[in-house]
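Colleague: Have a look at the structure that comes next, please.
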């Protein structure tokens, strides 16, 4: 009898990483202002407590105060004044801001101009807590494929062996006439590689008898679709292999092993068995990756390299095609090693990776492909508009250097007036030397501090570098020099970058450049890390699925929507949120400073300036709508002006910068206004009488009068600060004052005399 035992190998938390919750730049600065206000609260509480103790000892001899059997404690005084002034830090601030942001998120999602005619998909807001950061963006990091381009791949050109072919009728004629030696082994393996080494599946056959393919990679689908009409057809795929049709002959190629494509490997390989029993490793991937794995350089590899450069200059996406033939013993050895590495208890992934690399070596080049991906509509205009608003755009792509550069010219990221620097380094010291030379030539100061300063004006220069250069750029020696140069560039293009490198680039600018507010935009799964790292993440709802759009804070259908998202909604939301926060601080400081002044009249007994009913209604009725006037109903400029005049975005970003300076302005305004309200009211009424009967001014009347003056001043201040006067802003502005008058009338008539005492003109 056979016995067997099963087991489970589980490594908990191996790929676990803590999820970070995004907070807006304003939220972080609000925390600093709350600390300032809390210090102010402690300060006036301490001063009031000291004055309370002084008043007590100075009035001990006043018999009418009846201090017998009562000795106030300092601790109780501290609590009394802390509770009295606690509204200096507005408790409803966060709730008010959340409501404002949710409404702005709704307005963004319901804007009919936030989607194009090409797609019925409207903008989706996944994170409403950072909508105001859209008005502060000064760095945009963009993927290329599917973001700047349509992601509608079309196979245009082929390099097969020593020959270069442009796909079309002439290519079809050459095949039918036998001009192309399609039965030559390496030519045959080239087209079989295109059909077999992929993740394509046949979705359906349409009414015109044309095959429609689906793949995780649009390049693969474009290649298989492109060669289909020339007699090279993908028929079916199952777990055992791939069925193809090669110039009318149906063949089954058995799949033995698949090494999937990853952004780190930059290649895909399939170990397959041909119908005649031969074993081949079919590989496709990036040229700089595959050329390192070649057995030797021959005429085919040289011709392919020339055609790669040609395709890149035409702005085509390129893929290299290679193969290796193996015998039975080599295949068995490879499978045994890979099986052992998978079952290894010690770092199985590293062992498997090493064995995979051992298999993917001594390759022979077969040729390459050139795939066209057209730009989206209005990409050039959008980039030009962003540049006018002093927003710097970096393009991060996995394409070749020449392809990325040519796309840069096509979408006007680059132009002929720019001085374009290309970084090509062998090591850290070489990279540092190159960067220092460029800095010296452009008279750019090298930053030696921890943070790199963001310049007011950039130079007419651009920087192009590859993923290989980035490993040196991110070293301790080079990072500051790189960022010192990059912040002065109009644009930076990073090509052949992996998903992890995209994230590192965004994180470096976000963490090391002062005042940088970053936005990352992409459409694929390899853009998700970059999108998460940026202050604001935008996903394109495109052909690569919904992974990026679900990960992002905002999802749009095309790149051109970005200008309206930033210039119209972002700028308006940023200014509104800023003024909403400032006004909440302003009105709360006024009422608490008045309570502080009022306690000079009450020997610092801790009495509020008004009755507790009015005190509780001050924030909950009388001034509750004023912050929403600023946060929702106010506007800076018309929608058309905001969209078509990029300067407005730049000016709002600078002039409405949220920080200590503008807070100090509002804070001092609140102090000044409270001083004027109290002094004018006090000296106007203190020695006067009320009404024709000569009744002296009562405490309750003084409190009511000073509160009405305060609410009136707050309403007038709101009117003066609002940019948009309309029926809705005026109703929200004055309804609180009307509510105060109605409350006073109601309380003066109510029967609860113990709760409320009001001296009327007739003395009753």
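Glycine is no exception: its Cβ is also placed from the backbone N, Cα and C atoms.
Note that the structure is a prediction, hence the values are computed from the model and not measured.
What TrEMBL shows for this protein is this:
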type	residues	note
ACT_SITE	143	active site, 4-aspartylphosphate intermediate
BINDING	143, 144, 145, 220, 261, 284, 317, 397, 398, 399, 496, 502, 526, 527	ATP binding site
BINDING	143, 145, 523, 527	Mg(2+) binding site
DOMAIN	550-753	domain 'P-type ATPase C-terminal'
TRANSMEM	33-54	transmembrane segment
TRANSMEM	74-97	transmembrane segment
TRANSMEM	585-604	transmembrane segment
TRANSMEM	663-685	transmembrane segment
TRANSMEM	700-720	transmembrane segment
TRANSMEM	727-747	transmembrane segment
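Tell me about the setting of these features in this model.
Modeller: Secondary structure at residue 143 (active site, 4-aspartylphosphate intermediate), taken from DSSP and collapsed to helix, strand or coil, is coil. Counting only same-chain residues six or more apart in sequence, the Cβ atoms lying under 8 angstroms from the Cβ of residue 143 (active site, 4-aspartylphosphate intermediate) belong to 395, 396, 397, 502, 521, 522, 523, 524, 527, 530.
There are 23 other CB atoms within 10 A of the CB of residue 496 (ATP binding site), with all protein chains counted.
Long-range Cβ contacts of the transmembrane segment (33-54) within its own chain (Cβ-Cβ under 8 Å, at least 6 residues beyond either end) map to 72, 74, 77-78, 81-82, 84-86, 88-89, 581, 585, 589, 592, 596, 599-600, 603-606, 660, 663.
Within its own chain, the transmembrane segment (700-720) is flanked in space by residues 583, 586-587, 590-591, 594, 598, 609-611, 614, 618, 622-623, 626, 629-630, 669, 673-674, 677-678, 680-681, 685, 690, 730, 733-734, 736-737, 740-741, 744, 757-759, which lie at least six positions past its ends and keep a Cβ under 8 Å from the stretch.
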Colleague: Let me spell it out: take the transmembrane segment (74-97), skip the flanking residues so only those 6+ beyond its ends count, and list any with a Cβ under 8 Å from a Cβ in it.
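Modeller: Counting only partners 6 or more residues beyond its ends, the transmembrane segment (74-97) has Cβ contacts under 8 Å with 30, 34, 37-38, 40-41, 44-46, 48-49, 52-53, 577, 580-581, 584-585, 588-589, 591-592, 595-596, 604, 606, 608, 619, 627-628, 631.
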Colleague: Taking the Cβ of residue 261 (ATP binding site) as centre, how many other Cβ atoms lie within 10 Å?
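Modeller: If we count other Cβ atoms within 10 Å of residue 261 (ATP binding site), we arrive at 20.
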Colleague: Let's check the environment of residue 145 (ATP binding site): how many other CB atoms sit within 10 Å of its CB?
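Modeller: Result for residue 145 (ATP binding site): 26 neighbouring Cβ atoms inside 10 Å.
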Colleague: What residues, ordered by sequence, lie under 8 A Cβ-to-Cβ from residue 526 (ATP binding site) and sit at least six positions away in the same chain?
Modeller: 263, 398, 498, 499, 502
Colleague: When DSSP is mapped onto helix/strand/coil, what comes out for residue 317 (ATP binding site)?
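Modeller: DSSP call for residue 317 (ATP binding site): strand.
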Colleague: Calculate the per-residue pLDDT averaged over the domain 'P-type ATPase C-terminal' (550-753) and state the result as an integer.
Modeller: 85
